[in-house]
Amino acid sequence: MKMEDMPLSGPDNTKLEALVHDIYSELVEDACLGLCFEVHRAVKQGYFFLDETDQESMKEFEIVDQPGVDIFGQVYNQWKNKECECPNCKRLIAASRFAPHLEKCLGMGRNSSRIANRRLASNNNMSKSESDQEDNDDLNDNDWSYGAEKKAKKRKSDKNQNSPRRSKSLKHKNGELGSSITSEPYKYNYNTGISYETLGPDEVRSLLTTQCGVISEHTKKMCTRPSLPDADAVVESDSFDIPDGQTLMSRLQWEDSPDISPTDSASSKASTNHSDSRKPKKKKRTSLGLNSVGVVGVGGGSLTGGSSSSAQSNISLSTKKKRPKLSAPSISSIYDDLN
Amino acid sequence: MSKEFRMRATVNQKLTEMGERERLKELLRVKLTECGWKDQMKAHCKEVIKEKGLEHVTVEDLVVEITPKGRALVPDSVKKELLQRIRAFLAQHAT
């Protein structure tokens, strides 16, 4: 039903407002009346004053309204300023700091063992690096300190034999690099005590051709990221004048390479994928790896032997990573960059 | 004048027919309980009853004592919200 004769302007608006207020008053009165009926019934039925029958308990549980105290009369920070004596070190510790102090003091918390390990490691580093200072002048100029790492890393490898991370990374790496890691005379992973001084040149070479080998200053761990085939070639010499792929292939072949079983089809596929990558002058491992593979693939057709497998393994690994898209230069231009 | 009278009658009729009146009543009840109005009023009732005597208090006594105070004690927020809803209803269905 429509109200055509009710415009909303001028005096009618006030009428409308009056109507609204009237409706509102009606509603409020209705609520009051409802309350009255409710109370009256409670009075007549006798349950209105039921909660006021026991005067004693009423006084006992009366609401407290004092400052510094809650409505039950209890003090809020009563135990804040109290001190407790630690059963271990017999010191007086504040109550709020008692639990964390116990954790550290008894050596049972999550962080306390970590802190202790770190402290021990740094102590060893201090003592070790001081003794090796004369020998490792050059090395100490870099960020790494070789001498101390061995001991620090060894300790860490002892400690974390069963950590889930270690086994996971080993499994992951073993799948890709095959038996290369396990066949090495020394076990190395992200936890090993590796020292480059103790390894011979052959061992260092084989180590660095398969893995990254960068030792972090902070964690003293060696990076075990699988490296790329000609990384070692770059390490050995900054430039090599190889006019064709055959010589390059023969150069790569002396590398220690794992016995992996990627197929030739995989290698050719990988090489075609990477034939368009360019080789930068600096020692960038990923792009270098790509380039060498591309070169070998183009120049030498299908690769055989250990070098190919290492190249393939590295290719397959690097395909999984993200790379910047490079243009496709000719082979001669690649060599120009190298020279 | 009769126009206005008819208009009011129609509006009231519509309110009831569409169930809006019941909804508004319920809303008001809930809001008043939430804001503590009901407890305040009950305390006042207790005083009145103690004054008049438990045996002889009548509904009329209570109504006379309670209603003016009740009207005055409704919080502004509740009042504004209700007025808003009524106005909205009128705007939607009255023109």
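Here the Cβ of each residue, glycine as well, is placed from N, Cα and C on the backbone.
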Examine the ranges A:18-39, A:84-105 and name the one recorded by TrEMBL as zinc finger.
A:84-105
Which whole-number mean pLDDT does the model give the zinc finger (A:84-105)?
86
Per DSSP, what is the residue count of the compositional bias 'Polar residues' (A:116-128) in each of helix, strand and coil?
13 helix, 0 strand, 0 coil
